Amino acid sequence: LTCNTCAFKTCANSETCAAGKNICYQRKWNEHHGERIERKCVANCPELGSHDTSLLCCRIPDCN
């Protein structure tokens with residue numbers, strides 16, 4: 001599985017997930033400088049945090 005790994009709205013960077021990490025993850029939240037985005041491979045989909053504006057977990061290549 002490959003997942004996007006950049007912190008921007010459009011993403012050209014992806015990585016091959018390590019063994020056991022078969023979920024692509026994207027989390028968004030707001031900071032003083034605007035919206036922040038985190039993307040990576042994970043083993044389990046995390047809970048939506050109190051400051052998160054959205055959370056996406058998926059198993060299709062580069063779906064995050």
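Cβ coordinates come from backbone N, Cα and C, glycine included.
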The residue that Swiss-Prot pairs with CYS24 in a disulfide, chosen from CYS3, CYS57, is CYS3
Among CYS17, CYS58, CYS63, Swiss-Prot lists the disulphide partner of CYS41 as CYS17
If you check Swiss-Prot, which of CYS6, CYS45 bonds to CYS11 via a disulphide? CYS6
Spatial neighbours of CYS57 (disulfide bond) among the disulfide-bonded residues CYS6, CYS11, CYS17, using Cα within 10 Å, are none
For the disulfide-bonded residues CYS3, CYS17, CYS57, work out the Cβ neighbour count at 10 Å and name the residue with the minimum. CYS57
For CYS41 (disulfide bond), what residues in its own chain, 6 or more apart in sequence, show a Cβ-Cβ distance under 8 Å? LEU1, CYS3, GLU15, CYS17, ALA18, LYS21, ASN22, ILE23, CYS24, TYR25
Across every protein chain in view, the count of C-beta atoms other than its own within 10 A of the C-beta of CYS11 (disulfide bond) is 16
